[in-house]
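For reference, Swiss-Prot has these:
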BINDING   G164, S165, T381  pyridoxal 5'-phosphate binding site
BINDING   R222  substrate binding site
MOD_RES   K356  N6-(pyridoxal phosphate)lysine
Amino acid sequence: MASAFRSSLKLRASARLPAVRTITTTPRLRAAEKPYFPNEPTAPKLATAIPGPKNKAASEQLNEVFDVRSLNMLADYTKSVGNYIADLDGNMLLDVYAQIASIPVGYNNPHLLKVAASPEMATSLINRPALGNFPSADWAHILKTGILKVAPKGLDQVFTAMAGSDANETAYKAAFMYYRQQQRGGPEKEFTEEEIQSSMLNQTPGSPQLSIMSFKAGFHGRLFGSLSTTRSKPIHKLDIPAFDWPQAPFPSLKYPLEEHAKENAEEEQRCLQEAERLIKEWHNPVAAIIVEPIQSEGGDNHASPAFFRGLREITKRNNVLFIVDEVQTGVGATGKFWAHDHWNLETPPDMVTFSKKAQTAGYYFGNPALRPNKPYRQFNTWMGDPSRALIFRGIIEEIERLFLVENTAATGDYLYSGLERLAKQYPEHLQNLRGKGQGTFIAWDTPKRDEFLVKGKGVGINIGGSGQNAVRLRPMLIFQKHHADILLESIEKIIKQL
């Protein structure tokens, strides 16, 4: 195992610099732009090869007790600040991956440090409650001033959870219970003795053969139910039993969009027709569909607002619940607080799941009938974590104080324009640019994607990929135009090295 690990380190060493030296890019702080973090570096700083000697030694040590084969880098979070992530060797990288889209307001955000040091936080941490049985007296206040303060339009209730997979899993349970409740004739109808007994044998009618429909290339998590709806990569699913649930096609759009409007509209219509056919004909009745506003792990695949409005109409027409997975797209990343706000739906989704940038998790809903008809049906010991809910409240306060959703929309437009220029200059390396008008939630395809990502560290950028060929940008909400200038300059440097 040790030799295999050393081999993987050698592969990652391709990010090394020609010599061990400090390198900085040219900072271009825009005159009218005040940085949110005055103490963050003005540009990336590279002090050693990547990985450096301290990082390699620490990785070897960690490998003795923890599987590090997915390791990207070991970070020093005591020195990371704002948009910059530090490693153990003194390197400071501009982070446009942000813990897989999970850090919203910067490393070591001063306001969040105050929240973390508050007596309220200390009480939540050392007296963690079983929320379903023993919530704190201020739990309603915490929810109303935090998670529910930013609830999607029309959804005024929440079930809190631990992670994105958990949020989706519990949303599926809510959909199934609602479906059967409607079949019985309402929440007041009692279970039959046959249902009770057969459920303990995992047989019908107590364990009904129902399904959740998801989309090709979608990602919804890695638990049993959520993994059955995940369709992005085989490595996530191999050897794991899965439910017999339908998969609908997701539109495969051609770019630039303005040059392929007719073809793309036809493609979206084809996918909508197939989705409705599957709902009507699948042998296990479909209780709900789940869809990402942008397929994030599956390759940053987009569809138009008209497509999603069409999906909503299909679900209403067929009495199927509509679940929107905002785990990666939510909390401001697309230039609106929730990505589905771009769609202008006539009626809201039935449930919206969230996590990542929220630093907590759960699903929003509005219909009281989505509460199970009896207690303990949607339940676990923790049912979320008050300490994480407090952090999300602090994040919301920062977003509102600094107008970070608006910043992300404006910075995204600026960044996209710069990428359009690079795409014209280097069309073989920057293909199918997408995400216009979607904040900083931008991606493109490149034939040498993996090499591109590795070389990113060599110019001081921590950047990620998705799908087979996509480079995805997931900067924080505090990412500004002067950061975009650094990123654009760095992307051009990488391209010239390919």
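Backbone N, Cα and C atoms are what each Cβ position is placed from, and that goes for glycine too.
Of the recorded residues, the residue listed as 'N6-(pyridoxal phosphate)lysine' and G164 (pyridoxal 5'-phosphate binding site) place their C-alpha atoms 7 Å from one another. Other Cβ atoms within 10 Å of the Cβ of S165 (pyridoxal 5'-phosphate binding site) number 23 in total over all chains. The record assigns G164, S165, T381 to the pyridoxal 5'-phosphate site; their largest pairwise CA distance measures 17 Å.
Distance between Cα atoms for R222 (substrate binding site) and S165 (pyridoxal 5'-phosphate binding site): 6 Å, as a whole number.
With the fewest other Cβ atoms inside 10 Å of its Cβ, the least crowded of the recorded positions R222, K356 in this structure is R222. Taken residue by residue with DSSP, the residue listed as 'substrate binding site' is part of neither helix nor strand, so it is coil. Cβ crowding, taken as the number of other Cβ atoms within 10 Å, peaks at G164 among the binding-site residues G164, T381.
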